[in-house]
Amino acid sequence: MAHTCIHWFRKGLRLHDNPALVAALRDCKEIYPVFVLDPYSPNNVNIGINRWKFLIGALKDLDCSLRKLNSRLFVVRGKPDEVFPKLFQKWKVTRLTYEYDTEPFSLRRDKEVGRLAEEHGVEIIYKVSHTLYNIDRIIEENNGKAPLTYNRLQTLVSSIGPPKRPIPAPTRDDMKDVKTLCSEKHEENYGISTLEKLYQDPESLTEELFPGGEQEALRRLDQHMARKEWVCGFEKPQTSPNSLSPSTTVLSPYMTFGCLSARTFWWRLTDVYQGKKHSQPPVSLHGQLLWREFFYTAGLGIPNFDKMEGNPVCTQVDWDSNFEYLAAWAEARTGFPFIDAIMTQLRQEGWIHHLARHAVACFLTRGDLWISWEEGQKVFEELLLDGDWSLNAGNWQWLSASTFFHQFFRVYSPIAFGKKTDKNGDYIKKYLPHLKKYPAQYIYEPWKAPRSVQEAAGCIVGKDYPRPIVEHEVISKKNIQRMKAAYAKRSPHSSEESPGKKEKGRKHKAPSVADMLIKKKK
């Protein structure tokens, strides 16, 4: 039987290493590559203009690649459970393919679409390619629970073996017997949205440092892989949070949107490492990909992973509700130049170094402002190009010492931490130009500068730049005691026991989450 197929692009916005797309072409006479744009879905409603811009760039690039295969991208606006039944009927669809997504919202959405597909006699094929491994398999191997330590994850994936090798992108030969029927009104009916149509103001955009799209992702990957010595010597903690240009790869946004396959990245690294001395996980580039896998596994295996309440591995903390503090942090008005420079870079560019994320996350939560990590998570979700649900929730829990990391007494200084790698404050001067005339000895603590120095710099603290909203040395000590009290209330039998500890009795194999939703068809 020759199928009429929809391939549903969601995160996997690429042609390379896209097994679901390849499955769509098997025994296929017509294919409709579809992206469903639902601005009001939980995944989209909170995202900011930089992220929308990146998505539009990725879709344009994808459409360009599909045109080279004599196909096109169909962008359909609405909710998937409303648009797909109409498309099934309109195009007489018999097969729907997509890349498996482990986020709770996505699983609920896919379950409903799967039900509708069955009602319309449409076969569903989904494939794992957004992660290195099948996340369900990792959880099954760990007695049906998500591993809570990186070492445990390493043990589990070592027993499974290396990730699958990526598959090549479809060629014109693969498409020679497959048609995509487009009308003359294709742009009008299925064209890619503009920022204006998404109620975004393009005037508020700054220079686009990280254009979206598969071709840009592969170009950047090639560029980094050519730096063989740098790749082999890469150790994440040794990179700088406040360098004037990124000291890491900045490939994370491209993997978040699926413009770059994690498996492609993994095996390109393997090729570079071959026969050479190189760094090892958790600090190596392979190690960074395994961190991504760790948080994806936690996001799937831990209930209510993006919340404190109802999250069985999260310490319950009596955080303060202080809208003024939260707004000052989000809008770069804390009075601590290092923190405010980071938050300015985040809002302008959509990306900040992982250690910079550590600094501002600690400051918002257990370090200084005592505001819930859930609030910080929302701000990052809006502003980060790589605002990945699982990684965002996991890292905020980690940095607030709520889950995974428990050395709550280790607090990042909003003053000393930045000085380690940027004594002159060049990073601060770049993102907070009103402070650029301050001498290096006062750039991290402008409130300590004599009035004459402030006047000479043309920036008076309390007038042109805010005073610090807290006294770090005092409040951080107080918050350590508050965190200590929260830890004391934790149950000694909580589920945060060693993840490597096996249950007594025989091992129970947990059913796959995906299998519970939709029966996979070959």
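Each residue, glycine too, has its Cβ placed from N, Cα and C.
Annotated domain 'Photolyase/cryptochrome alpha/beta' per TrEMBL: 3-132, in sequence order. Across the residues of the domain 'Photolyase/cryptochrome alpha/beta' (3-132), the predicted structure has a mean pLDDT of 95.
According to TrEMBL, the feature FAD binding site maps to 248-252, 288-295, 386-388. In the structure as shown, the Cβ atom of LEU289 (FAD binding site) sits within 10 Å of 21 other Cβ atoms.
If you look up TrEMBL, you'll see TRP319 (among others) marked as site 'Electron transfer via tryptophanyl radical'. For TRP319 (site 'Electron transfer via tryptophanyl radical'), other Cβ atoms within 10 Å of its Cβ number 21.
Marked as site 'Electron transfer via tryptophanyl radical' by TrEMBL: TRP373 (among others).
Taken from TrEMBL, the feature site 'Electron transfer via tryptophanyl radical' covers TRP396 (among others). Counting every protein chain shown, 25 other Cβ atoms lie within 10 Å of the Cβ of TRP396 (site 'Electron transfer via tryptophanyl radical').
Summarising the annotation, TrEMBL assigns region 'Disordered' to 483-522.
Marked as compositional bias 'Basic and acidic residues' by TrEMBL: 493-502.
With helix defined as DSSP H, G or I and strand as E or B, the domain 'Photolyase/cryptochrome alpha/beta' (3-132) counts 54 helix, 31 strand, 45 coil.
Closest to TRP291 (FAD binding site) by Cα-Cα distance, out of the recorded sites TRP319, TRP373, TRP396, is TRP396. In sequence order, the recorded positions near TRP319 (site 'Electron transfer via tryptophanyl radical') (Cα within 10 Å of its Cα) are TRP373, drawn from VAL250, SER252, GLU293, PHE295, TRP373, TRP396.
Long-range neighbours of PHE295 (FAD binding site) (same chain, six or more residues apart, CB within less than 8 Å of its CB): ASP388, SER390, LEU391, ALA393, GLY394, ASN395.
Note: the CA-CA distance between TRP396 (site 'Electron transfer via tryptophanyl radical') and GLY387 (FAD binding site) rounds to 12 Å. Straight-line distance linking the Cα atoms of THR248 (FAD binding site) and TRP373 (site 'Electron transfer via tryptophanyl radical'), rounded to a whole number, equals 25 Å.
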